[in-house]
């Protein structure tokens, strides 16, 4: 017995969605969307809020100082500031030698900029002040603009006609200070302008292999420059291309005049410093505060020099005069500006890149953010304002920053306390360091370069990971050693840009293997954009891969072997001309396109995976269009009736 089930007459109708929206035409888009409506004028409260936001961004100290947790942070900042300040004293004196100015100016450069950065900087852990690489770059410019030959004086030896040539060191040092101050002023202006124009992103063009290769070369320059102080010999200071080789040649040609006492003092200081640093590294988890090796070496060597009168009895070069107190502000001699523009740009960029890279490392570690544009403004103000108080250009120091962070520093208060330590020495006890041997300062500089020399370990690592980045590292290193730091940096930047062009101009086009490959479908992946510089390479690689895929599929599916040979007949030929221009010509022999559509396999769909493609210019689009037109022409002529290769091209841009 059959039962017929009829639908219930009372069942509700199925639910349905109905969506209505207006149709937008071009006129509506232009009038309503592309041109925003006039906004109502801002109220006084809104303007005050905007002014407050601008003030807080320009003076970051206002954002964290009112809520500074005294009980939690003050002790750590106090210990960190004292430790960093004690380390900053000998480094300021030593790096002034690299900048070719009297040592006291290194103390000035360790006070004023650090004080200013407390108010304008966004990093809580970097230590602003003198740095070996920047000091050496300044020294090269200073020596070039005020060489010793400008200040030679000839004096008669009694009543005889023999003359003695000596250098007016007082006039020379004064001139060199003027050059360093003007250079610092210009560096500050450049950094300040770039910061106000929001150019903080420029640091991304200084790739890490470039910076590490450059700083390693700078370490070589610094080490070579300190050899004469370690040996106690007098050699001229060179600048420009091949300056490193000239300096080494000058040192070894005069090595027989080495002052043995100076060498012994310097080597002993180096051994002591190395042992202290090794102890700090091994027991850093157990030591509440790192052992201040630099200040120990300075104090002990100063005491020995004073007690034994090393300067008078053994002709050991010492620091000599360190004036007490701060100098009054003065306006730099801006007549020197035209000769310093190129050098100031290089110093400004290198100084900022050093600072922002280290600031980002500490910010990521401790969970806060730094503003690249504000860091440019902060460094610019530190250099510009401080230059009126007789300082030379500064940036952050890697060694001091690590000490400031590892000893418990939490905010910029640690840097402020470190600057107060330097101020105390400048105002009250600077005269104590007058007997300090220069070879001890050279030892401090050389031992502090160990961290930079460890960057040679990058070479085997880059060899395994990226040959192009290894080439950038080596070019930056070799060019900076041979040509000098300024020209070397320029060459390294040019090579890095060329490497980017090379990577985008030579795309990697590979067939993607599908988990379950569909018969007749081939997917090809390109890792770069398609534009005039690589459109011909893209087409050639695409045709080559398609032919290979065709032969492969044919052999597997048909079980036969095909051999592509040249034959007669007039065929259309896709010719990619120079500078990305594409044209279609005729040849009398089989072209690549003949083989491109040779009836070998049943591939009917070619999918171009353009997922990484950021843009396609008109030349690249024209090249792809010609491939499509060529396929359409073949289909119309009947060639595709014999073979279904590439009946359609699909683009994957997901």
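Easy rule for this one: first residue shown is 1, then count along the chain.
Glycine too: its Cβ is placed from the backbone N, Cα and C atoms.
TrEMBL entries are annotated by machine, without manual review.
Cross-referencing 225-244, 325-344, 345-364, 505-524 with TrEMBL places the feature transmembrane segment at 345-364. TrEMBL lists transmembrane segment at one of the ranges 67-88, 155-176, 199-220, 287-308, namely 287-308.
Counting Cβ pairs under 8 Å to the transmembrane segment (376-393), the stretch among 177-197, 287-308, 440-456 with the most such contacts is 177-197. Take the transmembrane segment (251-275) and the stretches 93-119, 126-143, 287-308, 413-433: counting Cβ pairs under 8 Å, 287-308 has the most.
Looking at which of 126-143, 345-364, 440-456 has the most CB pairs under 8 Å to the transmembrane segment (413-433), the answer is the stretch 126-143. Long-range neighbours of the transmembrane segment (126-143) within the same chain, counting only residues 6 or more positions beyond its ends whose Cβ lies under 8 Å from a Cβ of the stretch, are 84, 88, 91-92, 95-96, 98-101, 106, 109-110, 113-114, 117, 176, 179-180, 183-184, 215, 218-219, 221-222, 225, 237-240, 243, 340, 343, 346-347, 350-351, 354-355, 358-359, 362, 379, 382, 392-397, 400-401, 403-404, 415, 418, 445, 448-449, 484-486.
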